[in-house]
Every structure is written in C-alpha cells, then in structure tokens.
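Asks: The feature active site, nucleophile is assigned by Swiss-Prot to Asp51. Taken from Swiss-Prot, the feature substrate binding site covers Tyr109, and the record attributes it to sequence analysis.
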Amino acid sequence: MKIALGVEYNGKRYFGWQRQEKVLSVQEELEKALSFVANEKIDLFCAGRTDSGVHGTGQVVHFETEVVRPERAWAFGTNANLPDDIAVKWAKTADDEFHARFSATARRYRYLIYTNPLRSAVLPEGVTHCHLPLDHEKMHEAGQFLLGENDFSSFRAAQCQSKTPWRNVHHLQVTRHGRYIVVDIQANAFVHHMVRNIVGSLMEVGSGRQPVEWMKWLLEQRNRKLAAPTAKPQGLYLVRVTYPERFGIPLSPLGPLFLPDELV
C-alpha cells in the first residue's frame, strides 16, 4: 500500500530535505515520526529535494507499508511526533503507480524578497533582505527570456548531478506587495540551485546593475561563471507539485504566509 503526504516545513534548522549522516534533515525527522506511528521503519520518497535553509509549503512525499492506519492517523499521529517546524498537511492512500518524484509533471517555487534599507528582526527566517530598491517590473521583463525549454547551464550549480541542463519553464512572474517582491516560477523540473541562481541574476537587473537583456545573454552563454551569485536560501519556498488528475493528489493553498494563489 502506498501513502502520500503533503508536508510543510521551515528549513532554517535543516541541512536540506535529504537524509545525511551527522546533520539534521527534514527527511530524517519525518521518517522517525512516521516509523513511530507505523511501528516499523518507513523510507520516504519526495517530489523535490530542497537545499539547506530552503522551506516547503507544498512538498509531496510517499512511502510503502503493509500497516493499516486511517488516513487521519497518518496525519495527526505523525504531527504529534514531529518538531514544530515540520507538519503534515494531508494524508492520502495513493495509487500503486504513483511516485512522488517520477509522477510529478511540474514543480513551483516562490522566492520572497524584503526590500528595505534596514533589516527586519522578525522576518529573517522566511524572506531574503535586500537593502537596495528593486524594480520588479524590469525583473519580470527579464524573466520572460527564460520561458520555454532551454539549456539552463548558466543557472546550474557546479555540483549538479542531473544528466541534462535542459528544463522547461512554464511561467515566471515577478510582483510587488508593499515592501515585498515575489518571484513565482514553475517548470517541469529544476537543476540544482536553478531558482536561487535565477533570482540572484534578476536582482542584478532589478537593482539597475544589469540591463533587462542581460538575462537573455546569460541564458545563451551557458556559463554559470557569468551569472550573479546564488541568492540566499531563506527566501525560497517549494509551494506546489503538480500531478496528473487521475492520482487525486490534493492541492493546498500556495502561500507562503499571507500570499494568495493569484498574485497581481
């Protein structure tokens, strides 16, 4: 039997999603809680392995078990055994063909930037602070050069293990909400650090240090060394994973925080 879960987490304390020796990971904490509920060892598969410090509001995972529990028990029982910065949002018995990673057709991220000359004392865990003013309209315009299927070598980490740098970006939207700028991007999949590398370069455009057309040039060069530094992790959220309707995977509100599903 396969069980799918929707998971939310604050990534500040964790060295990423993936289980690793001698460091704290979201996967390890969730597997420990599930194993307690199941009274057997549980191994998880996730839709997207987020990096150290990155958050998730729409992560999807699955596991296989012969243990029978009500869906409610998988959610509430697991939450009772999790730290406060990880939570199960829903639990569902999944089709035998379902796989959290390989059945996914799209991943969606949102990156939050707090634009203010002075930093905030209450926001640093969930946003990236930028003391410079940013032109979100120019950032949005520059982002449109990345739409469609392209070679994203210029925005790919050197340690990326993917066999190909080609990805298909479905949409990229940059909007302003008071002092906050939100970069909303969806693709079929992402190479390592792709979202944060894109955001870092968009911030160069937004600050006026680079022209809008620079993003098009960067994409064409296929050279990571020419792009901007990687944006910090704390502003990044995995907000949704999309699957074929036949699997019946629930869609939670995108968020994070106060953000509605539709940004204007």
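Keep in mind that glycine also has a Cβ here, set from the backbone N, Cα and C atoms.
Please situate the listed features within the shown structure.
Replies: In three-state terms derived from DSSP, Asp51 (active site, nucleophile) belongs to neither a helical nor a strand segment and is classed as coil. Counting only same-chain residues six or more apart in sequence, the Cβ atoms lying under 8 angstroms from the Cβ of Asp51 (active site, nucleophile) belong to Gly16, His192, His193, Arg196, Pro233.
According to DSSP, Tyr109 (substrate binding site) is assigned to a strand segment. Taking a C-beta cut-off of under 8 Å and a sequence gap of six or more, Tyr109 (substrate binding site) has these contacts in its own chain: Asp184, Ile185, Gln186, Phe190, Val195, Leu236, Tyr237, Leu238, Val239.
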